[in-house]
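Here is the structure we will look at, set down as structure tokens.
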Amino acid sequence: MTKPYGSSLDDHLDAEVAREPSLADTAATIRALAAAAIDVSETVGRGSLAGDLAAQGEHNSDGDVQKALDVIAHKRFMQALEEAPVAQVASEEAEDVVTLKAGAPLAVAIDPLDGSSNIGVGMVVGTIFGIRPVTPGEDPNASFLTPGTTQTAAGFVVYGPATTFVVTLGNGTRIFTLDRTDNVFRLTHDAMKIVPSASEYAINASNVRHWDGPVKSYIEDCLRGSEGPRDRDFNMRWTAALVADAQRVLIRGGVFLYPGDNRKGYAQGRLRLLYETAPIAFLIEQAGGGATDGQGRILERVAAKIHERSPLVFGSTEEVECVGKYYDGRQPSAGRSPLFGQRGLMRS
């Protein structure tokens, strides 16, 4: 149902719980995350006045060097989740699953600070999260080693010129913008619908020499524009923050690619399944888009470990399907042979 623009995130969550009472705990958890996001937004907005947010510290679970803002965001979201009905948290900034409230019904996977390379230069950063039901048993990891289809909600926050909170509880994807006059997230984009086709793609083109043939062929054909097999010109965008590219795709369509490649450690791409690709896939699908890993639907993947990586292609359905055709040989580029045997964005 269409909601009035300017209605609050709290109003939306109340309506979702009225529609489906079983979402009450999920809604409470989203409220906690939104409150923490407002605090993080304040810190980001102060920039260097808040200290050296780009100062480097220890390495996180994935080998990335933690920056000061990574640690600040992690601590603030963990504090918020301690007050929510959450039993376990899988965070990019923690090696192991963190246990909060034994017996609580939910588990949260979170990237507290997406786009860390943008810290300190005034560019967009964000937060990504996915909420799942707890899997009973003694293994705290078990709740996360389930398909992305088990998520009860997913969302991301963009800390940019405006702070936006993008969320789905399985009933469409909506964007709420932080109203600085009263620190309330208010609806600005209701029931998002990604256009099925758009002439814009996002990829880190500096890695072209490492890409597999299908990715190279797809991008080459886009670059050939109206004179090539795609019969139209394309624009390229890349922000180094997944949340910013995802929000752009939600609003005006296009496709995002982060494939696996032949660099050491990048065979499965760089993004993490639990707290990056699965939440984004849920949001994109709820807005009518597509999200794959090159072999199949992201939401059907089951992680074998907490920090498992996954290739990612998402966006307008026609363009996501087009990328897939380059892998299964249905879309050989002009002057090239079909790419037999290339069945996925994941390298063996």
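Think of each number as a place in line: the chain as shown, counted from 1.
A Cβ is built for glycine as well, from the same backbone N, Cα and C atoms used for every other residue.
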Per Swiss-Prot, which of Glu92, Glu93, Glu138 sits in the Mg(2+) 1 site along with Asp111, Leu113? Glu92
Close in space but at least six residues away in sequence, with Cβ under 8 Å from that of Leu113 (Mg(2+) 1 binding site), the same-chain residues are Val40, Lys67, Leu69, Asp70, Ala73, His74, Glu93, Ile119, Val125, Gly126, Thr127
Just give me the nearest neighbour of Glu276 (Mg(2+) 2 binding site) among the binding-site residues Glu92, Asp111, Ser116, Ser117, Asn204, Cα to Cα. Asp111
Whole-number Å distance separating the Cα atoms of Ser117 (substrate binding site) and Asp111 (Mg(2+) 1 binding site) is 14
Looking at the binding-site residues Ser116, Ser117, which sits with the largest number of other Cβ atoms within 10 Å of its Cβ? Ser116
